[in-house]
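First the structure, in the form of structure tokens, and then the observations on it.
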Amino acid sequence: MKRTIILMLDSFGIGAADDADKFGDVGSDTFGHIAQMCAEGKANNGREGELKLPNLSRLGLAHAAKEATGAFAPGFGDNVDIIGAYGHCQELSSGKDTPSGHWEMAGVPVLFEWGYFSEHQNSFPKELTDKILERAGLTEFLGNCHASGTTILEELGEEHMKTGKPIFYTSADSVFQIACHEESFGLENLYRLCEIAREELEPYNIGRVIARPFVGTGPSDFARTGNRRDYAVEPPSKTVLDKLKQAGGEVVSVGKISDIYAHCGITKKVKASGLEDLFDATLEQIKQAGDNTIVFTNFVDFDSHYGHRRDVSGYAKALEYFDARLPELMALLEEGDLLLLTADHGCDPTWQGTDHTREFVPVLAYGAGLEAGSLGKRGSFADIGQSIASYFGLAAMEYGESFMPAR
């Protein structure tokens, strides 16, 4: 039996990457700073005390972070029996965004520059928004700026509901985001608008259009829903997911994975939102998975709910919940299965601003004949994709070095 379970802890970086200076992120450390705030009693909203991640620690998380930063995170140390192989990965890709991290992890680094909307106000070219509005049968829109997704709802959500004008906004990432009320504007209308925007953005080389539906009656109860959709461009070449699919294997997407890969290389898509539902869905898909299958889950809440919102307590509580459920998942593993835990970038909740941070990401690997211990510093996220290709006996990827035992 050959099955790979990939758990993507979206935004869970473990220390500033070697090139963090190019991004203004020197000193960032998502894991380390969360652990520090917990140890100092500054992350006690809904939880309390030091950050407790015993199962991730046994897989090698704290040791991987020590190798990345030079020191154990506060509250973590050598007093643990390591059962997994662990390392830290440097990103080759030009950006610190979600598609770049995911694609590189699957063997296809993004070596070109994405397009960006760098102006914080009046962010979008008029000729672009005019075309989108005309095709959608609309006349005006709101936003046109860099913004936090929750803040912009507080500021413009009511006006959107009164006028029917969609909210267009962006960030430091290569994204064009559209927020609309599910009921007053309509979910299908939002999706159609995003499809139009995706087509019109082709010349601008923007990585993703994101549909951001929300509900509620006013700023006090506006809330984004689980009906988000990402409209990504296709990866520039075949990922390891494509290769397994072409070889007759199965690739199960749980959560937003399928959207991130523009549905390429995916054989089954399972919708789930929220940490609990995503974990439940992952367990169910592992139970159903046969030979030559990848079950791939993105746990987006770490990023969207806690990283971008700079919510240290929330991030810590979510990590502890995730950690507490890992034994359930590991109990489902069969002999020969490969479990991989990693991240796509950082999003340090103690950092200035609301954007991602350029960090090393962990690679925690368990099973499939791997010996417990250090995998060292990995030169690319693509080492993960190359290792998956090696595990399944697929043709080698162009990028990355496998850390799997010799066949």
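Glycine residues also receive a Cβ, built from the backbone N, Cα and C atoms like all the rest.
Fair warning: this is a prediction, and the values are worked out from it, not measured in the lab.
The Mn(2+) 1 binding site annotation in Swiss-Prot covers Asp10, Asp344, His345. Note on His345 (Mn(2+) 1 binding site): other Cβ atoms within 10 Å of its Cβ, all shown chains, come to 30. In the three-state DSSP scheme, His345 (Mn(2+) 1 binding site) falls into the coil class.
Under the DSSP three-state reduction, His356 (Mn(2+) 2 binding site) is assigned to coil, being neither helix nor strand. His356 (Mn(2+) 2 binding site) is surrounded by 30 other CB atoms, counting those within 10 A of its CB over all protein chains shown. Taken from Swiss-Prot, the feature Mn(2+) 2 binding site applies to Asp303, His308, His356, supported by sequence analysis.
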Here the Cα-Cα span from Asp303 (Mn(2+) 2 binding site) to His345 (Mn(2+) 1 binding site), rounded to a whole number of angstrom, reaches 9
Among the binding-site residues Asp10, Asp303, Asp344, the one whose Cβ has the most other Cβ atoms within 10 Å is Asp344
Rounding to whole Å, the Cα atoms of His356 (Mn(2+) 2 binding site) and Asp344 (Mn(2+) 1 binding site) are apart by 10
If you measure between the CA atoms of Asp10 (Mn(2+) 1 binding site) and His308 (Mn(2+) 2 binding site) and round to the nearest Å, you get 11
One should report the C-alpha separation between Asp344 (Mn(2+) 1 binding site) and His308 (Mn(2+) 2 binding site), rounded to whole angstrom, as 14
CB contacts under 8 angstroms to His308 (Mn(2+) 2 binding site), restricted to the same chain and 6+ apart in sequence, sorted by sequence, are Ser148, Gly149, Cys347, Thr354, Asp355
